[in-house]
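*Asks:* Got a structure for you, written out below as structure tokens; questions coming shortly.
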């Protein structure tokens, strides 16, 4: 196989990877719109970023960058979102909180680059064009990006070692896979600046790393969907299968998943990484409760624990209810009466 053919094959494989990445982005985005886990939104943005980076690499390797200069600058700005998104994804997995919504400060470099790019497109003033040429095309920005990337790629490693993430395979694949790709690209950049320019095909083949991650994840999802379809034929869960989920209650209590207001069964099944129908069967067959009753029982359990620990001196009863995941005071009082047979005030009086 000559160099030209090898380059064409690499272009084709990367194009397939970019296409699969966009499909995964749409798939997870649609799942998020149905109020599934906010983790779906984060992972969808990660795959969108992968696809944009691959597409930009294809354009550069094909010698078309002068036709798509704006897209290249946009892709360079997008690069600033990749490592923060990975950090936020793993942070959300370990803490069960929506860090994507709360921590937009992580994307400040991206916002600055996009602002400069938009200003240069809207305005043709010398200042706007100067900023674009001296900032977006500068070596200094590349150095800043590498330091920024290194910082955010190291942050999740501690989270992966604290045993708070249940399934480590995908997070480790993302962190170490993307980290390896970054290290190879950095080595390539230094080599081309210090020794001699490198054939664009090399960059194209490094980008295949993103393609491999995307293709593997696509295969995993297709296989998971197929398995769930087969399992869906047997909705009656027997006792042996119930034993597989005997630790669910312990995990939910220890991880405090119930504290998230508005938590629904599909979101919890995503977090626990078990089929939705099996979680539902577990609640019905073992606890004889629907999902809301089941989750509220944990919330009431925590409120009772806090009342017994005298935390009501530091919080109002409504504050304790909100802290435990209740969205409204009325739903809390109703659930409390159902679980304990009395009201919070009467419970406190009887205890003290």
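Every residue, even glycine, has its Cβ placed from backbone N, Cα and C.
TrEMBL annotations: computationally assigned, not manually curated.
Under the heading transmembrane segment, TrEMBL lists 12-29, 41-62, 74-90, 110-131, 143-161, 173-195, 201-219. Feature annotation from TrEMBL assigns domain 'HTH araC/xylS-type' to 258-350.
Quick one: where do these features end up spatially?
*Replies:* Cβ atoms under 8 Å from those of the transmembrane segment (110-131) belong to residues 70, 73-74, 76-78, 80-81, 141 of the same chain, restricted to positions at least 6 beyond its ends.
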*Asks:* If you run through the domain 'HTH araC/xylS-type' (258-350) with DSSP, how many residues end up as helix, strand and coil?
*Replies:* 69 helix, 0 strand, 24 coil
